[in-house]
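Here's the structure, in structure tokens; my notes come after.
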Amino acid sequence: MAAAGLVAVVAAAEYSGPVASGGNLSGATCGPSPGLGPGPGPGSWSRSVDRALEEAAVTGVLSLSGRKLREFPRGAANHDLTDTTRADLSRNRLSEIPMEACHFVSLESLNLYQNCIRYIPEAVLNLQALTFLNISRNQLSTLPVHLCNLPLKVLIASNNKLVSLPEEIGHLRHLTELDVSCNEIQTVPSQIGNLEALRDFNVRRNHLLRLPEELAEVPLIRLDFSCNKITVIPVCYRNLRHLQVITLDNNPLQSPPAQICIKGKIHIFKYLNIQACKIAPDLPDYERRPLGFGSCHEELYSGRPYGALDSGFNSVDSGDKRWSGNEPTDEFSDLPLRVAEITKEQRLRRESQYQENRSSVAVTNGGVEHDLDQIDYIDSCTTEEEENDVKQPKSLDTNSLSSQFMAYIEQRRISHEVSPVKPIAVREFQKTEDMKRYSHQNRVPVEPSLVLSMPPSHNQLSHSDLELHQRREQSIECTRREAQLAALQYEEEKIRTKQIQRDAVLDFVKQKASHNPQRQQPPGNGECSFPSRRSQHTDDSALLVSLSGLDGVSCVATRPHSSAFTPLKSENRVDVTSSFPMTETVHHSPAYSFPAATQRNQPQRPESFLFRAAVRAEANKGRASPLLLSSAPATDPTDAITRQREEELKLIDQLRKHIEYRLKVSLPCDLGAALTDGVVLCHLANHVRPRSVPSIHVPSPAVPKLTMAKCRRNVENFLDACRKIGVPQEQLCLPLHILEEKGLGQVAVTVQALLELAPPKQPPPQQPQQQQPQLSAV
């Protein structure tokens, strides 16, 4: 008993805290021990150091937390603590790791949280069973090298004064958690990539400028590098496929930008994957795909529902306020343009390869050129009208052509500086030259004995090549003869057609002078008929009825009157586009309407686009005065085009004045671009008849440009409103006239017809104007 009392007195002398009342010398407080589970209960505050040592000898758990000890208790020498596995010396005033604790060879967990430790002795190497070490909230400036030779699994060194990590940190092969947050670390050594078992890495609140790329080789689950000076996340971090939590707030990040980082981990890794594809464009497809994540369902803000983390893909809501001002909002609205560019590049690449290998590649499709497979044939053959349509500028007539054909023409015009459908002479010349090259390269003189000694398969191949060449030569010769025949017949028909035109103009003038200008059917005259199909002997020149210069000859050109001359025979046909190019036209007079008989017989007309082109061209010519045509039947096409262009400009100017006057707005110089989204036109329709367009898609400050789908919806709503108000169908423009800015003249006709149906505006009251002079006189 005396010895026990002496130990208690010595412990009390070592303890510098207050002494409990009643003579109890073990009144030191004992707080909870972080890292070692729940601390002792309230009754432990009165336990003596001696009882703590006795319990450590029995249980193997030493708890001396919160006793303000400056050194290890000396009474520990009286107890066998060699089997201690867990030691809690936190919340004391120790300046170094006690030497007594370094001899606990069975120690697995050591907690030195919140002390004054500045040095770790080398004797710590004796703790070869230590797996958990908490030295946070101390005054360490460096981690000693010998600390990296321990079998640690958890190392917590936060809230110290560390300026760097030792390169030997890579020796901690079994380390799963490393916490060095709240220090002054400026760089992380590349050897951290050797920590093949690391799962949790926390470098929060340091002075890091960059992240080591070697960290991408570590199977991290949690990464926290917030509150640093990091500007770029390495692209290789996309390989962190096991990462579930990444915390990166309070960093001046530039790549990925902040708009992507706030959306969460999924978007960050998508961005890194896209950047990797840009850096290495030759990556195979399977490496371009984003890597999967193992059980990866958490985001940056775990309490936030995942549905709110919208990527913005396919988002066309113009009122969305999630986008920042400097983030592109119409990044995906031009997807068709990107697809078109990709298709163009692929096509050009294929054609260049074909041109290089053209002389050495055997064609097996019966003598047809390989590049002709890329041509979308219309009416089963390629015509001169098609070639001319490709070469004409954008101001060509689009009213008579289908949208599919116009898209086809535009695609060919963009993808080729020179049209792949070459003129006949050039195309045949190239075929002949290719055949000559092929013949010189492949026809090598051989001896008959060698031919007999060749295997049968080789002989069959040679015979097939010869037959193929013969078929190609025959087809070329046949095509050449047909082209020459077509050219001769074209000249003859051109002469005959001019004579027919003069006679028809004279007949029309006589008929107009003798008949009432009202619409009537002259007796004995049928409607104007057109050939239902082209001549069978032509392949490269389509021969149609040339109605150029005939005002009143065509059923479409003379809408108030019927045609007055007999149908033309099939041989009296000529290429319309060769003499008069088609131009984009508008209907000038809203009072014109098609005859009922023409509408009844409309399904019997041929469906060829060439027929529609001829009809449209003659509709343009029909607006000229018959007297002028009778006096000068052979008018210069250039003058007609110039005249039509001037009329179109007048219509466009009139359209601008109408809109500005009705809506009290000032339109920009580019009127077509101002009307493309359909907003102005929808407001104009509502001005004529309120609520005729119930909903209008308008731009917003966040999304200043409407998507093509919303622009088309506005335009279609405007045209529907025009139909409901009463605009005739023949005066309605097409949506592509507005969306593609290719038919402002037709839009002007539609707007003019719409405004004619508007109620007359009441004149402003005159009373204030009459009183104004009286007031000024007073």
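For all residues, glycine too, the Cβ spot is worked out from N, Cα and C.
If you look up Swiss-Prot, you'll see 56-79 marked as repeat 'LRR 1'. Marked as region 'Mediates interaction with DOCK7' by Swiss-Prot on the basis of similarity to another entry: 56-290. What Swiss-Prot records for 81-104 is repeat 'LRR 2', and it gives sequence analysis as the kind of evidence. Swiss-Prot lists 105-127 with the feature repeat 'LRR 3'. Per Swiss-Prot, the feature repeat 'LRR 4' maps to 128-150. What Swiss-Prot records for 152-172 is repeat 'LRR 5'. Per Swiss-Prot, repeat 'LRR 6' is recorded for 173-195. What Swiss-Prot lists as repeat 'LRR 7' is 197-218, and the listing cites sequence analysis. Annotation comment: Swiss-Prot describes 220-239 as repeat 'LRR 8'. Swiss-Prot lists 240-264 with the feature repeat 'LRR 9'. The repeat 'LRR 10' feature in Swiss-Prot is assigned to 266-290. Swiss-Prot lists Ser324, Ser415, Ser419, Ser608, Ser625 with the feature phosphoserine. According to Swiss-Prot, the region 'Mediates direct interaction with MYO6' annotation covers 382-642, on the basis of similarity to another entry. Positions annotated as region 'Disordered' by Swiss-Prot: 511-536, 758-778. Annotated compositional bias 'Polar residues' per Swiss-Prot: 514-523, in sequence order. Marked as domain 'Calponin-homology (CH)' by Swiss-Prot on the basis of sequence analysis: 645-758. According to Swiss-Prot, the feature compositional bias 'Low complexity' maps to 768-778.
Taken through DSSP, the repeat 'LRR 7' (197-218) splits into 5 helix, 3 strand, 14 coil.
In the repeat 'LRR 1' (56-79), the DSSP tally of helix, strand and coil residues is 9 helix, 3 strand, 12 coil.
Panel annotation: around the repeat 'LRR 3' (105-127), residues 33-36, 60, 65, 82-97, 99, 133-141, 143-144, 146-147, 149-150 of the same chain, lying at least six beyond its termini, place a Cβ under 8 Å from a Cβ of the stretch. Under 8 Å from some Cβ of the repeat 'LRR 7' (197-218) lie the Cβ atoms of residues 153, 158, 173-191, 224-234, 236-240, 247, all in the same chain and six or more residues away from its ends.
Within the same chain, residues 181, 198-211, 213, 245-256, 268-269, 272-273, 275-276, 279, 290-291 sit at least 6 positions outside the repeat 'LRR 8' (220-239) and bring their C-beta atoms closer than 8 Å to a C-beta of that stretch.
Mean model confidence for the region 'Mediates direct interaction with MYO6' (382-642) is a pLDDT of 51.
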